[in-house]
Amino acid sequence: MTAAAVVATAVDVGFARPRQAAVTLVTFGVLAVLVAGSASLAYRWYFRTEIPEGVTGLLGVAVVALYLNTTSLGSVAIGDNPALLAPESVFFNLVSLGVAAVMAPVGRYAGDRLAVDVFALSGAKQLEGELSGVVRAVGRFTAVTLPPADEIGDMDTYDPVSPEKKDELAETTLLFPRKLSDEELRERLVTRLKEEYGVGYVDIDLDADGTVEYFAVGSRAAGLGPTLAPGSAAVAVATDPPNNATVGDTVQLWRDDPEPKRVATGELRGVAGDAVTVALDESDAERLTDEEGYRTVTLPAEPQADREFASLLRTADETMASVTVEAGSDLAGSTVGGVRTVVAAVRPKGGSVQPIPRRAYVFGAGDLVYLVGRPDAIRRFEAAAAAGADATPSAGGEDGDRDGERAVRDEAGTPDDLDDDTADDGADDAVASDGDTADDGDETDTPDDADRAQRS
């Protein structure tokens, strides 16, 4: 057979010869699948993400169009006159391009799945895509796939993350060694999300096989406002700052005219030139004016347990919240020792605040409970405290073991000084300013500290 006959055969294929047309269309479909699959695999290998669908569709159609154009031009080059504009030829070419467009997504999916599985077995730590069941079964790792963006929740009491950040997290697969325990897997996952994605706080529940049951994220509060206690304000005043005064010092503002007089006492929050920012009570802030300067006096350092506790809490995985025990809830009638979140204080209905309650204290309807714990533990406590709840955050079971963590953990490596024993032994410096205040059940210090920590 001459070259002209081969080219003519390739160009003049039509539905007048059904068998040859079917073979040609199948060949075009397989060719589109191979090209799209190869492009998808290469794109996943280089960019570590899924190739856009339009790119593979364009490549699948382009390779078929390139073949048709090449054979047509070859026929023209050798002096033949193919019937390119004949209705049957045009119709067959359109069908060929349609087959390529339909089969290209199949190649894209197959190539991407193959790339994900190969990279997972080769030891990759992070993927974007779903692993096949075979790879999950034979791989020596646990794959945790995050939910879609619309299923990622926002954490209460924390600033929400941006929609772009949720899109970045959505459907990402993270790989971990299979030998990790449930708690170790959760801690490693939270750490990676914070370090690799810049997420401030993570609340997640995992099954034993790594399936995500609940996932919410939050960002760290920025600015001065979140660090202020209720009833306080931050004011910038013109003054001569004391030498070497630093943030956190207790200072007094004095006025010289007409005679020396102390105006207010507060906490130094910032120094800029001849101006300082002082956090003080709102009533004291109202007495300050911008018509005169003030003298600043630095007081000796005093223990500020509430301030230290709030500062530590802002850098830890744990947070503070207040929960009201509803009548008829599963939590009503249970004891402090039966839950694994740290109970910092309890305000009984119609009673005074009880800092660091005894383990034998029985929760009653209407009790306002101040908690310190991880967001997932507090969330389960809230569910148990609600009327009609069907689960109590007890000390037993998987949830109990998961919630029985140390109350305050410094992410930067601060030793874990506050744990479950803290609640039992009465670490008054976490809630009240001294031991006497905690023993006397003062109604003013503890709620302020709790609210300050919660807002921070």
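Cβ coordinates come from backbone N, Cα and C, glycine included.
Nobody curates TrEMBL annotations by hand; they come from automatic prediction.
Keep in mind that this is a model prediction, so the values were computed, not measured.
Copied over from TrEMBL:
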COMPBIAS  385-396  compositional bias 'Low complexity'
COMPBIAS  403-412  compositional bias 'Basic and acidic residues'
COMPBIAS  413-428  compositional bias 'Acidic residues'
COMPBIAS  436-448  compositional bias 'Acidic residues'
DOMAIN    307-387  domain 'RCK C-terminal'
REGION    385-456  region 'Disordered'
TRANSMEM  26-46  transmembrane segment
TRANSMEM  58-78  transmembrane segment
TRANSMEM  90-110  transmembrane segment
Folded-back contacts onto the transmembrane segment (26-46), same chain, C-beta under 8 angstroms, at least six residues removed: 55-57, 59-61, 63-64, 67, 96, 99-112, 114-116, 119, 129
The domain 'RCK C-terminal' (307-387): DSSP-derived helix, strand, coil residue counts: 22 helix, 23 strand, 36 coil
Mean per-residue pLDDT computed across the domain 'RCK C-terminal' (307-387): 87
